[in-house]
Amino acid sequence: MKNLLSMEALTVHEIEHLLEQAAQFKRGKKATFNEQTFAVNMFFEPSTRTHTSFEVAEKKLGVEVVSFDAASSSMTKGETLYDTLLTMQAVGVNVAVIRHSEENYYAGLEKLDIAIVNGGDGCGEHPSQSLLDLFTIKEQFGTFQGLKVAIAGDIRHSRVANSNMKVLKRLGAELFFSGPREWFDESYLAYGTYLPVDEIVEKVDVMMLLRVQHERHSGTDEFTKESYHEKFGLTEDRAKKLKEDAIIMHPSPVNRDVEIADSLVESEKSRIVTQMTNGVFIRMAILEAILKEQEMRAKLCTY
């Protein structure tokens, strides 16, 4: 795996391998590399979990983390992302984890030797989040085949939803969507069925909630926090209708008492904190796969 840009670029075999490696890291597996390796985390949008867990993953792997601050970089002088990455490549950085507000920001960057991990591109995709979600689901159920999964909330503006709906259908899950119809695109019906939230909660094995992404909305939101929670959120009453072994997921950050009742965030059914923990292990697996391939290519070039 040279880069990780989207879930669609991964084969089912590659996905299964990453999930297995993440499980091994969670059980205490150690990674070693032939040479000193370097990573840079380039975040042009705010991030807590993705940024922090990638850095923890890098350090657990023994990878040196190169500091980067977009506001104090030469990009403020007009340097392009390509030329910034060319510089990182020239000084010996192996992999760049990038979050950017622009969808498909990575187009044209693949020809660089430095590896690129997409940490989220606008409303496009978020492959490492999708993989940690898959890891969390597989830990719970052991399979994706036949599972009923709901994706509920601000679907149109969610890169997590974009990644997850495509890969979950590919892996054999049955998908349901819910949330404000104006935040739903009819093209999503190729992946699943749209239903009101009150019909969904009784059906599903996984209730995956999404944050209302106010920063990506062009106008004034027509819902108050209270009205959104009442109409579309996972309230305490709705949660009582979930199947006994159903789990609740959320990519975070969570808006408590908006998409999910405050009391449910750390409830018995919730896997929200587990997702955060699993994020470190899946990102270790991603980085190891990329860095091991770099080592293999370098070895072939010496013959």
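A Cβ is built for glycine as well, from the same backbone N, Cα and C atoms used for every other residue.
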Residue in Arg27, Arg99, Arg271 which Swiss-Prot records at the carbamoyl phosphate site where Arg49, Thr50, His126, Gln129, Ser252, Pro253 also bind: Arg99
Helix, strand or coil at His126 (carbamoyl phosphate binding site) [DSSP, three-state]: coil
Least buried by Cβ count (within 10 Å) of the binding-site residues Lys77, His126, Arg211: Lys77
Within 10 angstroms of Ser252 (carbamoyl phosphate binding site), Cα basis - binding-site residues out of Lys77, Arg159, Arg211: Arg211
Cα distance (Å, whole number) from Gln129 (carbamoyl phosphate binding site) to Lys77 (L-aspartate binding site): 32
Other CB atoms within 10 A, centred on Pro253 (carbamoyl phosphate binding site): 11
Reduced DSSP assignment, Arg49 (carbamoyl phosphate binding site): helix
Cα separation, Arg49 (carbamoyl phosphate binding site) to Arg159 (L-aspartate binding site) (Å, whole number): 15
